Structure formats: structure tokens, C-alpha cells
Amino acid sequence: GTRTRPALFPHQDEPRGDAASAPRAAPSLPKRRVDEYELIPRSAREREGEKREGRGGGGEEQDGGGEEENPAREEEIGTERRGEKSKKEERGARRTRGAREPRERGLNPYILWGKTRLFHRGRLRRKTGQMNPMTQLYYKKAIYSPYRDRIPLQIVRAEVELSAEERAYLTAVEKGDYAGVKHALREAEVYYNIDVNCLDPLGRSALLIAIENENLEIMELLLDHGIHTGDALLYAIRKEVVGAVELLLSHRRPSGEKQVPSLMMDSQFSEFTPDITPIMLAAHTNNYEIIKLLVQRKVTIPRPHQIRCDCVECVSSSEVDSLRHSRSRLNIYKALASPSLIALSSEDPILTAFRLGWELKELSKVENEFRQEYEELSQQCKRFAKDLLDQARSSRELETILNHRDDQSEELDPRQCHNLAKLKLAIKYHQKEFVAQPNCQQLLATLWYDGFPGWRRRHWAVKLVTCFIIGLLFPVFSLIYLLAPKSALGNFIKKPFIKFICHTASYLTFLFLLLLASQHIARTNLPHARAPAHRGGVDDSALGAGIPSPPAKRQEMIAFAGPTSCFRCFFLAGFIWAEIKEMWDGGFTEYIHDWWNLMDFAMNSLYLATISLKIVAYVKYNSSRPREEWEMWHPTLIAEALFAIANIFSSLRLISLFTANSHLGPLQISLGRMLLDILKFLFIYCLVLLAFANGLNQLYFYYETKASEEHNNCKGIRCERQNNAFSTLFETLQSLFWSIFGLLNLYVTNVKARHEFTEFIGATMFGTYNVISLVVLLNMLIAMMNNSYQLIADHADIEWKFARTKLWMSYFDEGGTLPPPFNIVPSPKSVWYLLMWLHNKLCRRGPLGDDTHKCENLREFTERHADSLIQNQHYQVCLAHTLSSVYCLQQVQSDDDPS
């Protein structure tokens with residue numbers, strides 16, 4: 001019969017024959033390594049299919065092979081047989097080095113040798129027609145390709161291919177080959193074979209490459225040949241190449257240059273958004289020299305609109321693209337906050353930094369998406385103002401800076417040398433770093449302890465005795481000031497430190513009077529202190545003796561109008577007058593921003609309400625009835641409750657004085673921050689409290705009992721045996737609140753009826769509330785308070801110095817010298833001022849008086865204007881030195897920075 005070539009695997013056999021009978025020739029198998037084949041079990045369906053194909057393929061092969069022999073095939077088989085002998089000889093040598101070669105490829109030589117023997121044994125069996133049927137049924141060939149577990153990649157967006165001349169042209173620009181670049185530009189003009197505006201794979205033109213390499217000669221050559229500049233100026237500013245910026249600013253674009261639309265430039269060609277201008281980008285980089293070049297050319301920056309601006313431009317811009325609108329505002333503020341731009345373009349850099357820092361801080365509260373960016377810009381402005389104050393060389397320069405006023409039309413005494421207008425602005429705009437700066441604090445301490453040289457170096461006992469003596473003598477100092485305000489002692493009490501001690505002593509005296517009122521000293525000294533049973537009758541305790549008692553209403557009024565009560569009323573009038581003056585001088589908005597002023601307002605209001613209710617009770621109500629029979633809303637009871645609350649506020653008001661001490665001051669500031677955390681926590685807690693109160697009240701309001709049914713006829717959670725804890729919503733709220741402190745027992749969830757399911761649900765709800773409130777919410781509050789304390793502790797020095805400065809500045813002003821209650825007494829100075837005001841209003845009527853008044857006003861205005869010009873000149877001299885020092889310091893830091 002005919003000889004056919006056995007297939008490598010039976011299921012890959014194909015019929016063989018001549019070219020006429022078998023148009024499809026058997027495909028030649030590729031030569032593969034042994035490790036590319038693996039024996040993999042096959043499914044039953046695959047084995048059945050291969051059996052059917054094997055039977056059909058074998059018949060065709062036999063039919064085709066019997067007709068005609070293939071000489072080429074016989075020659076191939078003969079060659080194969082002749083090579084078997086040489087292969088057997090090489091096999092022994094291969095086995096000896098087989099343990100070395102596979103290790104180079106990371107294979108196990110013994111496993112590979114076993115696979116090799118298996119492969120050759122199967123090949124031999126296939127040649128002789130002895131194929132193992134088990135191998136044929138249960139195993140198939142698997143080919144592992146290196147691209148089997150790979151993701152095919154292809155170029156989707158490719159740049160325009162450059163010609164050889166263009167690549168050589170860009171390479172010459174990159175290497176700085178002036179002659180090569182010049183030659184390429186000439187060829188482009190003659191042969192038009194080079195696009196001088198072509199881009200490299202990184203999207204850079206020849207001009208941008210020259211800017212990046214800081215090759216100004218090639219830049220000038222390219223600009224002379226009319227190359228398209230595009231965003232080259234912005235690119236040079238970003239790279240901070242000062243020479244390139246100056247060269248591009250002096251270059252004039254040809255009139256025929258094509259202008260690319262801004263929308264297309266933004267989306268395809270430009271790296272910068274359309275709102276970025278050269279001066280804005282220069283301010284972002286904070287390069288002093290580039291900003292100076294641009295400012296000299298009278299460039300402008302768009303003024304940012306308010307965040308709540310509803311003009312047509314803002315509304316339309318926000319509707320079209322809200323992201324670009326927000327980013328545009330952020331870019332403008334980022335440029336305005338540049339220290340170099342502020343130093344070059346602002347007449348008062350410190351004031352500009354104050355206002356811009358405050359505006360950015362307020363903006364960060366509204367723009368929550370860009371909060372971090374705005375806060376960083378605000379801190380940058382604060383640091384710049386502090387750095388300017390750091391460069392003050394003497395107390396003279398420091399006083400010039402801090403006493404400078406931004407509004408020269410403000411009515412201030414020109415002879416007043418220490419008004420500290422700039423420091424007041426720093427406190428107003430919350431510039432804590434500026435206020436806590438050591439130079440500023442040194443000047444403040446000098447002014448505060450004026451008249452007490454070496455006060456800080458004295459022993460603490462000496463300081464305590466001195467303050468105690470001055471505090472005891474504050475009534476004497478006040479009377480001397482009332483009679484002779486211009487005398488030596490009158491000027492002594494006007495000093496800030498003495499004024500502080502006198503006001504503190506006055507307030508301590510008021511607290512002492514409150515303490516006397518709480519001890520009922522005035523009432524117990526009255527005869528027949530107990531209230532009578534009948535108005536105008538006899539006291540119950542004296543009925544047997546027949547001793548008549550005074551009327552109860554008269555007795556109450558005597559106690560109310562006693563000596564201590566009168567003194568308290570005088571003090572209260574002084575406090576109210578001081579608050580009115582402070583509100584008048586600083587304005588209502590400034591007044592309510594201070595929390596201590598709000599506490600003073602609440603305290604004074606409660607005292608006034610107490611006095612009013614006492615008067616109403618004396619006039620309207622009959623006091624002959626025993627106190628036990630008074631109604632719940634009796635004016636006297638309400639007055640006593642308000643008086644008790646006002647006493648608490650009065651005692652806590654003393655905490656504000658702790659700011660003057662370096663040890664108690666940080667604790668007082670931390671306490672204020674913790675109160676804010678408590679207010680935030682109460683919102684969540686009230687929601688949880690109301691939710692569980694509603695549920696428990698809905699479950700238990702059916703089981704409400706009367707007081708007569710309870711032990712000792714007592715109803716509520718205040719009884720010895722608590723009951724009806726959840727009968728009403730108000731009672732439920734109280735019960736859940738006091739349960740936080742462990743004052744509520746679990747048996748309040750029981751009911752008299754045998755409703756175990758209701759008791760179980762109620763106890764579960766009560767336990768769940770305690771878990772949420774005690775374990776979750778209370779620990780969250782502790783963590784919040786700990787975080788606030790740690791935040792203050794990390795910046796304790798700055799926070800305390802800022803708070804102490806606010807306290808000190810309240811005593812630097814001219815007014816408010818006398819403490820309560822002496823401030824309500826009209827002083828001769830006040831009377832003189834009133835008479836002068838009346839004289840100016842009444843005696844200067846008519847043409848002659850008007851002309852005289854105008855001349856005096858003109859002379860006063862001229863003198864004030866001349867003084868302000870002199871002060872402003874000194875201020876500008878000090879700023880010139882500080883700005884130059886700050887600029888030199890920034891240059892040194894930038895040179896030391898490796899980045």
C-alpha cells in the first residue's frame with residue numbers, strides 16, 4: 001500500500017493523495033519546543049467527535065493512498081529515516097547535558113526529560129501505527145503562545161509625522177545650533193520644505209524649546225523670521241525665564257498673523273485656560289522681576305465679584321460652565337494674594353494683606369469645594385503681613401507702622417501719638433500671627449506697663465500687694481479724677497494698667513454685694529422676718545404673745561430697698577452706661593461680635609427684669625398670703641429665678657479676666673472652643689432625644705396613673721419611687737435627659753397590667769437610647785472637646801497673645817476711665833464738653849458765625865492733612881526698607897531651595 005506520514009496527534013490527521021484527488025495539501029506542523037505541549041484531559045464530547053473524524057479521515061486516506069504514490073513524500077520519509085541514526089547518537093550526549101541546559105531556561109531537567117521520552121515514544125508509536133488508545137481518548141494538545149494573556153495595543157491618537165528636515169530643524173534648536181537653525185529658516189523661506197511652526201512629539205514648537213533651554217539668541221532669530229508666538233509669553237512666565245519674557249514683551253506680532261479663536265485654543269492648542277493672563281500667571285509664580293516688568297506696562301487684573309453676586313455676567317457664566325466660573329475666581333484671588341504683587345502695586349501692603357486674608361477666609365466658608373485652596377491663600381496673606389513686621393529695626397519704625405491710619409479723614413486727635421490704628425485693624429481682621437509677633441508684643445507691653453518700670457522683674461508677692469492696694473483705693477482715685485482730671489493722680493488713673501486694676505476691683509466689689517444678697521444678710525437683720533399670715537395682722541409666731549408684726553408688703557420692700565440693694569442698682573446703672581458707650585463708639589456690629597458683650601447684655605437684661613418684676617409684685621399682688629400658697633407664675637418667684645440666673649452670669653463673667661494671665665489664659669480660650677463643640681453636639685443629641693421620647697411616649701401614654709394611686713401621692717420621676725416617666729412628651733424628655741446621669745431606674749418601664757411584651761419593647765428602647773447617648777454620642781463629644789483643646793494647645797502662644805491683646809486694647813482708648821458706679825456721675829470735663837457743644841450750636845448762628853466756623857474747620861483740616869502727609873511719608877520709608885528686606889529673604893530662600 002501507500003505510505004503516509006503519521007500525524008503528530010491522531011485528531012489532526014488529514015487525507016493524503018495526489019494533487020488531483022486531494023486539492024488540500026496537509027499543513028506542515030511548526031517545529032515547537034517540548035515545553036509548549038501539555039497533556040490536558042478532554043471531555044467525552046470531544047473524544048466522540050475525534051473518533052468519528054478519525055474513522056472518516058482514515059477511509060479517505062486509504063482510498064486516496066491506493067491510487068498513486070507521491071515521490072516527494074517518499075524522499076522525505078527516507079531522509080527522515082536516515083536522520084534517525086544520527087539522532088540516536090546525539091540523544092546520549094543530550095541526556096548528559098540535559099540537566100544543564102533547562103536550568104538556564106528555568107525548567108526542571110527531570111520533568112523535561114520525562115516529557116521528552118513521552119513525546120518520542122508517542123511519535124514512534126504513531127509512525128508504526130501503535131497509538132495508545134487511552135492517550136487518544138483522554139488527552140489533547142494544548143499550545144501556549146506568548147500572546148495568549150496579553151492586551152493588544154494600538155496607537156489611537158498620533159501626532160503629525162515630521163519630515164527629516166523638520167526633525168533636523170527642531171534638533172538644531174534643542175542643541176542650540178545657531179547656524180543650523182538659521183540655515184533651516186532660510187531653506188523654509190526659499191523651498192517651503194520646512195514648517196517653522198511644527199511641533200515635536202511633546203507638543204513644543206521651536207520657540208518653546210528655545211525658551212525652555214533659555215537660548216535667547218535663537219529666540220530672537222526665530223522671532224525675526226516671524227514664527228508664531230502663541231502662548232510663548234505664558235510659557236516663559238511659567239518657566240520664570242526673565243530674559244525671554246522681556247524679549248517677548250518687546251516683540252511686536254506681525255499684522256498678518258492669524259488669530260486662533262479662544263475656544264479652539266483652549267480645547268486643542270493651548271495649555272492655559274482663557275482666563276489666565278500674563279500678570280495673573282506671573283503672580284501665581286510670585287516672580288518679583290517678571291511682575292515688575294508687567295506692572296510697568298500698565299497691565300490690569302479683573303476685579304473678582306462677590307460670591308453671592310447676582311449680576312448678569314456672573315449668572316450667565318455660572319450657568320454655562322460652573323467649574324470654569326469657580327476656577328476663574330480662584331485664579332484671580334490666587335494672583336491677588338501674591339506677596340510680590342501686593343508689595344509692588346499697593347500703597348499700604350499691610351492693610352491690603354489684612355483685607356484680602358479676611359476676604360479669602362470668608363470665601364472658604366462658602367466655596368466648600370475649594371476650601372483648602374482659599375485657606376492656604378489666606379494664610380499666605382497673613383504670613384506676608386507678619387514678615388513685614390519682622391523687619392522693623394527699631395521701636396520708632398514699629399510705632400510708625402502700628403500707628404498708621406488707613407483713613408486720614410477719620411476724626412482723631414493729631415496730638416495722640418499711640419492710637420495703634422493698624423493693630424486695631426489686625427484685631428478686627430483676626431490677624432493672629434501679626435498681633436502675636438514678638439516686636440508687636442514688646443511695644444504693647446511697654447505701653448501697658450507705662451509708669452511701672454521693671455514690673456515684670458519684680459517678685460510675685462510685690463506685684464500682688466501692689467495690685468491689692470491700688471484696688472482698695474479705686475474709689476479715691478475715681479473721686480480725684482472727677483474733681484481734677486488733669487492732675488497727676490488724674491493722669492495716673494488714665495494709664496492702661498491702673499485702669500484695668502480699678503475696673504477689676506469695681507467688678508469684684510459688685511460680686512461681693514451679690515454674695516451678701518445670696519446670704520440674706522439684709523433680710524435676717526430685719527425684725528419679724530417671717531411673712532405674716534394676714535396682711536396688716538399679727539405674725540403666726542407671735543400670736544400667743546400678741547406682738548403685732550409689720551405688713552408683709554412693707555417688709556418685702558424694705559428688704560428690696562436695703563443698702564446693699566441700692567449699691568447693686570448703682571453698679572447696674574454703671575454697667576449699662578458702659579455698655580451703651582461701647583456700642584456707640586464701636587458700632588452695633590462690632591459689639592455683637594464679642595461674646596462677652598452678649599453675656600453682659602444678658603446679665604444686665606436679667607437684672608432689669610428682676611427689678612421690674614419686684615416692682616410689679618409690690619404694686620399689683622397681695623403679699624399677705626403665705627408663700628406656700630402663691631401661684632406658680634407669681635412675679636416674685638420669677639424675679640428670684642431670673643436673679644439667680646443673673647448671678648451665675650455675673651460670676652462666670654470673671655473668667656474673661658483670666659486672659660491676662662499666661663497660665664489661665666490658654667485654659668480660658670480652650671473652654672470657649674469647647675462650648676462651641678457642645679453647641680454643635682446638641683443638634684445631634686436633641687434629634688436622638690426627640691426621636692426616642694416620641695417613641696416611648698407613644699408606647700406608655702396609655703398607662704398613665706394619677707397621683708392618688710402612687711406611693712405618698714407623688715407623681716413623676718422626682719418622687720422617691722419614680723413613676724409615670726413616659727406619660728407625657730415633656731415628662732419623657734426630662735426622664736431621658738436625666739437618665740444620662742444615671743438618675744432613672746429601669747423599673748419605670750414596668751406597667752401595672754400584665755403586658756410583658758410592652759415592657760420588653762419599652763426596656764429595649766430605653767436601653768438602646770442609653771447605648772446611643774452614653775457610648776456613642778458622649779464619647780464623640782469627648783473626642784471633639786479633646787480635639788479643640790489640642791488645637792489650642794498646639795498654638796497656645798499665638799492664641800493667648802491674641803486674646804490678651806484684645807483685652808489690653810480695650811483699656812488703651814481715651815474714654816471709659818472711671819469704673820462703675822462712678823462712671824454715671826457727671827464729671828466737670830463732661831459738663832465742659834456739653835457746654836462747648838451747646839455754644840457751638842447756638843452762638844454760631846448767622847453769617848459771621850458761619851464764616852468763623854468755616855475758617856476754623858479749614859485750619860483744622862489743613863493741620864490734620866499736613867500731619868497725615870508727614871506720617872504717611874515716614875510710613876512709606878519704613879515700608880520701603882521692610883519690603884526690600886523681605887524680598888532679599890525670599891531670594892535667599894529660593895536659592896537655597898533645591899526644587
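The backbone N, Cα and C atoms fix where each Cβ goes, glycine too.
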Select from 304-331, 360-387, 528-555 the stretch of residues annotated by TrEMBL as coiled coil. 360-387
Looking only at residues six or more beyond either end of the transmembrane segment (678-703), which have a C-beta under 8 A from one in the stretch? 725-729, 732-733, 736-737, 749, 751-753, 758, 761-762, 765-766, 768-769, 772-773, 777, 780-781, 784-785
Counting Cβ pairs under 8 Å that are 6 or more apart in sequence, does the total for the transmembrane segment (637-658) and the transmembrane segment (598-617) reach three or more? yes
Residues sitting near the transmembrane segment (724-748): Cβ under 8 Å, six or more positions beyond its termini, same chain? 689-690, 692-694, 696-697, 699-701, 703-705, 710, 715-717, 762-763, 766, 769-770, 773-774, 778
DSSP tally for the domain 'Transient receptor ion channel' (309-371), helix/strand/coil in that order, comes to 53 helix, 0 strand, 10 coil
From the DSSP assignment alone, can you count helix, strand and coil residues within the repeat 'ANK' (202-226)? 16 helix, 0 strand, 9 coil
